[in-house]
Amino acid sequence: MVSQTVVSSLLVVLGAAGVRAQQRQSLWGQCGGSGWSGPTLCVDGAWCNPQNQWYHQCIPGSGPTTAQPQVPTTTARPTTTLVTSVVSSTTSPSGPVVTNPPVNPGTCPNTPSGLGTPVANQLNDPFTFHNGNKVTSKADWACRQREISELLQRYELGTLPPKPSSVTASFSGSTLSISVSEGGKSISFTVSINNRPSGAGPHPAIINFGTFGASLPVPAGVATINFNNDDIAQQQGGSSRGRGKFYDLYGSSHSAGALTAWAWGVSRIVDALELTQAQTGIDPTRLGVTGCSRNGKGAIVAGALEPRIALTLPQESGAGGSGCWRIATWQKNNGQNVQDSTQIVQENVWFSPNFNSYVNNVNQLPFDHHLLAGLIAPRALYVMENVDMEWLGKISTYGCMGIARKQWEALGALDNFGYSQVGGNSHCSFPSSQQGSELNAFIEKFLLKRSGGNTNIFRSTQTHSSFNLNNWSPWAVPSLN
């Protein structure tokens, strides 16, 4: 016979479980995902949207009637041969390609082979070389950028190959066809150029990564270039490592992760636009790049590794994009459900396999993603983040980009940097009422070359009182001349 005490205890447990089951998560709150123990039902007027395996979010509406693919496919376009130009063969240098900033770096110090001294509870000093020397001039900064790029490629991103020996391009209708040859191998891919402005060109354009989350409103006078980045490097989980046209050309065991392969693809698009400017009417010196979520990670890496990009526009890129590994780890250690380095390498193949050796102790890395953003400085960067999606690491992106901003400050270029973190919108749904004027100001200034609008922006609609920017960046900010 079961005692009354046992029955009472069982009823208490069942009652508690029932309360949890009946609890409803508020709008924009988390409602599921791997390891989630909180409410799985949403308040009336919202439904639980599975953003990914680890994070489900309550968003407005009643939900789709049928399952929607998260990463849509792109129909292949026919290749045409209206105009063809060929880049002359060049000797490919060994080692990673580094960003070529506008300042002549002169003779830069060699990058040491070791990781250096671990940095904990703060971010690496942008203005100190790996060997301990200080950055005191813009020429020094150019050398420091080269060093940062090499370190990122060595330990996280994988090697960016040099410009191939041959790039050919042709344009017909709205299709730009690109063929690349290197080492006896060749690949071809296409991009579509849409909304080309009428009238005398050349005109600016924004390269858009994929179609997933492609929600940025592009004003008149700016063309859009749709880039199927999955064609260059797949991102369908761990099994897609080494798959895509980049790896067809360089081998499936190449060290580059998908983000680096996509940046290489963007560089080839720029090459092709330089070759076909008379046919496309696109100005290759006035190019932006954008993407959201996973493709936002690709956008910021492309802006960092390709110096011909004038305006970088990552949207809700979170961890692996505008967020810093160290700050995400700090958030995770404080009980917040954010994506960190240990999880992200399990989800997909965005990074080099080399990165796996460091994800359990990111303090040993000689960089963080404030330095990835710094590879763009003083070129224009406008970062858009979503304060309602905790998985993105709202403190991580706020802190990381707030500290990244100091690099533009040192260069006297704060008008070229923007960070805007708002809420009340679904993941990758652009909140025009809150960020539309900011986005337009950046496009007007850096692509259309017209004045007007504020482009010195650092704001969040939420107060991050638990995080102190200065504590995480205790180093001095020089004035570089």
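A Cβ is built for glycine as well, from the same backbone N, Cα and C atoms used for every other residue.
The disulfide bond recorded by Swiss-Prot for C428 reaches one of C292, C324, C400; that cysteine is C292. Check Swiss-Prot against the ranges 51-56, 291-296, 315-320, 333-338 and you find motif 'GXSYXG catalytic site motif' recorded for 291-296.
When the alpha carbons of C108 (disulfide bond) and S293 (active site, nucleophile) are compared, the span between them is 35 angstrom. Of all Cβ atoms in the shown protein chains, 17 besides its own fall within 10 Å of the Cβ of E347 (substrate binding site). A Cβ distance under 8 Å defines the sequence-distant neighbours of the motif 'GXSYXG catalytic site motif' (291-296), meaning residues of its chain 6+ beyond its ends; these are 208-210, 212-215, 229, 235, 314-318, 321-322, 348, 350, 427-428.
In this structure the alpha carbons, written CA, of C324 (disulfide bond) and E347 (substrate binding site) are 18 Å apart.
Secondary structure of the motif 'GXSYXG catalytic site motif' (291-296), assigned with DSSP and counted as helix (H, G, I), strand (E, B) and coil, comes to 3 helix, 2 strand, 1 coil.
Across K297, Q339, E347, W391, which the record gives as binding substrate, the greatest C-alpha separation is 14 Å. Of Q339, E347, W391, H427, all annotated as recorded positions, the residue with the shortest Cα distance to C292 (disulfide bond) is H427.
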